[in-house]
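First comes the structure, then the notes that go with it.
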């Protein structure tokens, strides 16, 4: 046994195992075709990458440089680094070195610790996945088990299944929920035992690694046979990584590993995301830097550029450096940590994990939500909901009637058979009776039998601990039976026929066995089968009833194609429309009885068409269509893909919040459309424009013009058509699509999903959020401004790569409406208050310098300047991260409150300017008041102004808070206590005896009231005459 970090699972020959032990990352080379030998490692022509998952942004060597680069690309971080370095130059030094290096070091330490913690968590998650144990084939014959993710891209060599094939689930790779049929290499499947793979001399030639998950070109060659065997290999012979084997055991030879896997090549590298809020704050700091330069130049200009004026400019730049607050970044970073902690602790969204704590504010400004379908909106569990026979319909509440009809039919058959001693004529008699005016029971029976026979479902028997597999298969044990099929719809249909009494118990390539309610086995021979294709939208099967010899052609398909195949009727179109509006996936079921002569004639023409070299597919289709005429319509079936809990109200909430929802899925067009209707992604009043399949520029132009004429219309488009439109008319298509209330993209490749996200970001400039649960959603999640992974049946690939991980789609509503909104509003208030705090003291410094002949002398020095932005005001200001304008229940009830944030009003140039004016006003009042009221000593100015400044900041925090939290009160009292207690140790800067006088107290009180009282009055008047929207809900 070998762990996944070595090669995940090399299930091949002994020599190949040794060969692949050498799979190490040896530098990136251009991908090349390869020859993989079984039994000859010495013939290996190249080395391969390690087979590991890596979602980390950094490694051991790039961590510090990477974090430093990410940190210092923010303008103000780089500015403060240069500022701190300048203090090593004696002529520029304004105070102690610690006043500059301690704050900068603290900011960097917080960032490094946070990033290191996230990287360690990411490493541990990857290690857990990479340490999964798989078996490999050795001389002892170990085999890989079933029901496990395939660990590497392989060629299918052998299976333990009797029918010589296996089913594969690929939803992690392409989003499709169908089970795909895979065939082993014929030559290796015929070997007596798996260990014989170690003895033959053979190799696989494979194309170079590429991103195409639907095609493969290769050959298998066995040299030691006479003559040598050459087999062509296609997609049917592959087992791609991240797919799941349905049953049995398989043996495969590994072709691609690590970064060469199809699944990995369809995902983008993890990137470090920078939030829009951080970019906006960065922009504001550039404006502040511009103001800093202007103030410094004005100060020097008023000195008439005397003496060494350039040194004076630098000294003023250092003196007024508080205009750009170094504490802003650390406050915001610590705020993000608090938001992440609050999200994780929310009991109403249990299991939510914050994997990237740098972008919680993004959640509050999402304009476009791009979601996967299978496993995200739906549970991927099909439920049979409706059987419609034209004159009567059966729903879930009336299925017992269907069951009674089936029981009555087979009870009648058994009674007749027991009287005659031969059951066969009775069945034949029943069949003849259908030609006369049939009873309701016989109509229901014909419909159920057709559904039970027309499919590609295979029953598989597994050991359940009591009964072994062979015995279960021999006695058709119900408790051991599992259905496998290429479509979950078909499994739902077969499970329904079992529930009403007609059970599929056996199937191979040539026969089908059904069990009647009485326990009798009904045998049918499969004469021909016509599988479902995306183009034909239907499937058919010709069977012979072994008891009567009757030959019947059954067919089921989409109503659009079956309407022209069945006999004329007046109810098909109307009822199909009614069922589709309920969100059901509708299939039309029909049949046609054939005589032996008719079938023999058809078979001869069909075989001849299949042997044709030219236009084979066209000729085969023509022969089949000769049968598809005037078929008898039996019934309509309605199947529903169960939605996740509360998907509809969640989507409605998002829509009311101004968020446009796009569904990107790898599933079929009809399935995607049904789910969109069922989930109310498309409302009942909206039309749907299904973008027809286009293959060239002309067709795309015509279809876009047709779509342009539609208004308030949801768009449904396939991946192939989307690719053509984006190639020739990217701008026009995106412009039209962005105007749609909802967009559904089906048959989307993983790279297409990421491309759509990227185009939305570029064309609209709005924030995007991508939600998915499978490996095929990783690219989309990583490309979006905010990626959310849903932990579900499809594994953890999406949740591991996402910024946020949730357990159910409904949690997304609270994540955005409550936590996203609060995070954004809190950070906006926090950032503007930190800027206000710095501008106040900078304004006071400017007034002080201008009064004292524009001298570049600091007003406050040493611990005063550090204490001001730390222990004296840090706790009250930071407590704003606990503030909220409305309760979470109100935010969920009125999602329109979220819509207000999309305009970015909490942090805008307007609000920034208002806070700048407030800062200038308060700083000027405090400084001029201290200068007017001071007595004889300079230290009195420092005492009065600094104390007034601290009190003003504490009162302004109280003015800003909208909902008080007990920690806010503690923070206010703690800060005030710290300041009063520290006055004893600040005798170097403040006259301790002066502050104990009544004169000091009244002067500080007057200055503080003049600086704050007008703002309190303005706030009251604004709330009285122009209240914000949230205040109307809380009053």
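Glycine is no exception: its Cβ is also placed from the backbone N, Cα and C atoms.
If you look up TrEMBL, you'll see 41-100 marked as domain 'P-type ATPase N-terminal'.
Annotation comment: TrEMBL describes 96-117 (among others) as transmembrane segment.
Residues 74-76, 79, 309, 312-313, 316-317, 320-321, 323-324, 328, 831, 835, 846, 849-850, 854, 856, 912 of the same chain lie 6+ residues outside the transmembrane segment (283-303) yet bring a C-beta within less than 8 angstroms of a C-beta in it. Taken from TrEMBL, the feature transmembrane segment covers 283-303 (among others).
Listed as Cβ neighbours of the transmembrane segment (309-328) (distance under 8 Å, sequence separation of 6 or more from its ends, same chain) are residues 76, 79-80, 83, 86-87, 91-92, 94, 103-104, 107, 281, 285, 288-289, 291-293, 295-297, 299-300, 303, 831, 834-835, 837-839, 841-842, 845-846, 849, 856, 858, 865, 869-870, 874. The transmembrane segment feature in TrEMBL is assigned to 309-328 (among others).
The Mg(2+) binding site feature in TrEMBL is assigned to 372, 374, 773, 777.
TrEMBL lists 372 with the feature active site, 4-aspartylphosphate intermediate. Its Cβ taken as reference, residue 372 (Mg(2+) binding site) is surrounded by 30 other Cβ atoms within 10 Å in the chains shown.
What TrEMBL records for 834-854 (among others) is transmembrane segment. Long-range contacts of the transmembrane segment (834-854) within its own chain (CB-CB distance under 8 A, at least 6 residues past either end) are made by residues 284, 288, 295, 299-300, 302-303, 316, 319-320, 322-325, 327-328, 331, 860, 868-869, 873, 877, 912, 915-916, 918-920, 922-924, 926-928, 931, 945, 949, 952-953, 956.
Annotated transmembrane segment per TrEMBL: 860-882 (among others), in sequence order.
Under the heading transmembrane segment, TrEMBL lists 912-932 (among others).
The annotation transmembrane segment is assigned in TrEMBL to 938-959 (among others).
The transmembrane segment annotation in TrEMBL covers 966-986 (among others).
Residues or ranges marked as transmembrane segment by TrEMBL: 992-1018 (among others).
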> Between the stretches 912-932, 938-959, 966-986, 992-1018, which wins on the count of C-beta pairs under 8 angstroms to the transmembrane segment (860-882)?
Replying inline: 966-986
> Okay, the transmembrane segment (992-1018) and the transmembrane segment (912-932): do they have at least three CB pairs under 8 Å, pairs separated by 6 or more?
Replying inline: yes
> Hey, what's the Cβ neighbour count for residue 777 (Mg(2+) binding site) at 10 Å?
Replying inline: 37
> Over all shown protein chains, what is the count of other CB atoms within 10 A of the CB belonging to residue 374 (Mg(2+) binding site)?
Replying inline: 28
> Counting every protein chain present, what is the number of Cβ atoms, excluding its own, within 10 Å of the Cβ of residue 773 (Mg(2+) binding site)?
Replying inline: 35
> Across the domain 'P-type ATPase N-terminal' (41-100), what does the pLDDT come to on average, as a whole number?
Replying inline: 74
